[in-house]
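Q: I'd like to ask you about the structure that follows.
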Amino acid sequence: MKVTLSALDTYETSFTPLVVIELAQDVKEETKEWLKNRIIAKKKDGGAQLLFRPLLNKHEKETLGSDNLYLVGASRVRLLLGAEALGLVKESVDGTMRTFTYSTRGSFRGFHDDNDDFLTMTECQFIVKHELENLRARDEKMIPGYPQAKLYPGKSLLRRLLTSGIVVQVFPLHDREALKKLEDSWYTRFSLHCQPIDRIRGYFGETVALYFGFLEYFTFALIPMAVIGLPYYLFVWEDYDKYVVFASFNLLWSTVILEVWKRSCADMTYRWGTLLMKRQFEEPRPGFHGVLGVNPVTGREEPLYPSYKRQLRIYLVSLPFVCLCLCLSLHIMMIYFDLEDWALRVHEESSTEWTGVLLYVPSVIYAIVIEIMNRLYRYAAEFLTAWENHRLESAYQNHLVLKVLVFNFLNCFASLFYIAFVLKDMKLLGQSLATLLITSQIINQIAESLLPYWLQKKHSVKVKRKVQALKVDIDATFYEQVVLEKEMSTYLGTFDDYLELFLQFGYVSLFSCVYPLAAAFAVLNNFTEVNSDALKMCRVFKRPFSEPSASIGVWQLAFETMSVIAVVTNCALIGMSPQVNAVFPDSKTELVLIVVVVEHVLLALKFILAFAIPDKPRHIQMKLARLEFESLEALKQQVKDNLSVTTRLDASWSRMILIIHKLDLPKE
């Protein structure tokens, strides 16, 4: 029997704070009271049925002059029922991974009535976030106290409060003790060891853990390319015959590492339970808006928005904007080549050490401009994708990734393709590739980790001094933690991290036969990237809400697409080499045909390899098949039980009719 929230008491007088809500300083009391009532109200009354209290009591508020921070938690029963509603998968006592249900909670490993650690803090925060985001307007026409903040049925309350400036931010709290243990095993002791991926998952969730798992895997996968590329660069720079072997190895390497990653990813996500989570009935994203209606599939109330309106926005606004940005990127690229020509003329007129350095200046400036353009375009792409009003978070992410990848690919690689296939200057190609790769890595390390860490360190010192100066009877340690964390930068997800790896993969795979050192620089960068990314996750950013993930999502397809483009690029570069052209001095058509044939053969081999290597290991396939079989057997048994009950009812009904007929027979 399905257990409902209304059937259980989920109220507790004290609770563990999981999430912090920061309100604006001048929020009206009636608004605070309304928000509190909506959060603690029962689900059947349109509430979230969570626990809610201010950070400071009345006396502390008067002393500190601050009353805009509130703590949100949930009772143990509420969290367990939330885990069932979200379809979280946990390990059962027989070792298999199964969807958690409250009624069968005793059959799951690690569950005891007095055990509060069955759900990790990360999972609890994810449940609370989900309930807050799904608070939707019912009969309210406006937010109490703010007539200008209009509401309509189905509108996400949290989203409206954020856009109105009433709620400043919502963020999960760090667990300082668990964070210290994670840091000790992760990055504080510099050594060449594997990352504690399971611990990262337990603290930050599957999405962050998968990124760090992929970063580690990709870094070690680059080592063979770096080892092979180093002697090619140092000793046989002009030997294109051997570059053919190097390029062919690169093409096979790029296919194999992506297929093996899928197997490793499946193994991890099965162990974590996210491989089995059902996503076909994904909840609408918080930013989705429309007229409140009933979903014809699930029967639940949710906003409805016509798909034709979304398509019009995509094709009439978003697509032209992206095309305009691409044209602007190409125009800036041509300005860069004009600067290159100017620097070359200056060097030819007066060849000195300074003019030799000047040759690299246009490439450095262009690399900086590329990074600035990428970041500006990212903001515009996020705004447009949100404006398109996608119902599901997965659809939103797919459209955002597509917009950003198309622009970044053209912005970062267009100049290299132009040098390779229009100017046909291999020396300039190698120089430009090295400059773009190294400059982008330095900028990313400074902008993403070092500068934010330095700023956060300065702010932490100020907050600690302020708290130590307080002469009030409060839990200063916890108060300091909340105040420190609310001022931290917000982690915007793994998008930029994956994008950096994607561009790095492009630099390594597209032009490997011209600049074999690219893989070596990528390896050096990634070894420091692991530690700098770990530092910023633990010390620079607020703790992010976890999101269950079964894979790296659309990024897998992006990397695979890049590997296909790499086949075409490397084959074309080899076909343009002087040694290969010398074999066909008179017939360029024959050379082109041979290059095309070789390219198709390599692509066929690539797809055969991808097909031959299963996406999931054999033992995972067997476990999934067994779970499917057990589900079918359980369904059959349920149908049999229902038929048996129906048959017994029919038989009882027939006997009752016969008895009635006998009682109604006339007496002789």
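Quick reminder: no glycine exception, Cβ is built from N, Cα and C everywhere.
Marked as domain 'Anoctamin transmembrane' by TrEMBL: 200-626. The transmembrane segment feature in TrEMBL is assigned to 208-237, 243-261, 314-337, 357-377, 400-421, 552-576, 591-613.
Tell me about the surroundings of these features in the structure.
A: Here the transmembrane segment (208-237) has long-range neighbours at 194-195, 197-198, 200-201, 243, 246, 249-250, 253, 257, 261, 264-265, 268-269, 272, 494, 497-498, 501, 505, 508, 512, 515-520, 522-523, 526-527, 529-530, 533-534, 537, 544, 546, 549, 551-552, meaning same-chain residues at least 6 beyond its ends whose C-beta is under 8 angstroms from one of its own.
Long-range contacts of the transmembrane segment (243-261) within the same chain, counting only residues at least 6 positions beyond its ends with a Cβ under 8 Å from a Cβ of the stretch, are 214, 217-218, 221, 224-225, 228-229, 232, 505, 509, 512-513, 516, 556, 559-560, 562-563, 566-567, 570-571, 573-574, 577, 602, 605-606, 609-610, 613, 615.
Long-range Cβ contacts of the transmembrane segment (314-337) within its own chain (Cβ-Cβ under 8 Å, at least 6 residues beyond either end) map to 362-363, 365-366, 369, 373, 377, 380, 384-385, 387-388, 399, 403, 406-407, 410-411, 414-415, 418.
For the transmembrane segment (357-377), the list of distant contacts is 325, 329, 332-333, 336, 339-340, 342-344, 346-347, 404, 407-408, 411-412, 415, 431-432, 435-436, 439-440, 443-444, 447: same-chain residues at least six beyond its ends, Cβ to Cβ under 8 Å.
Within the chain, the transmembrane segment (591-613) has long-range Cβ neighbours (under 8 A, six or more residues past its boundaries) at 248, 251-252, 255-256, 258-260, 263, 560, 563-564, 567-568, 571-572, 574-575, 580-581, 583-584.
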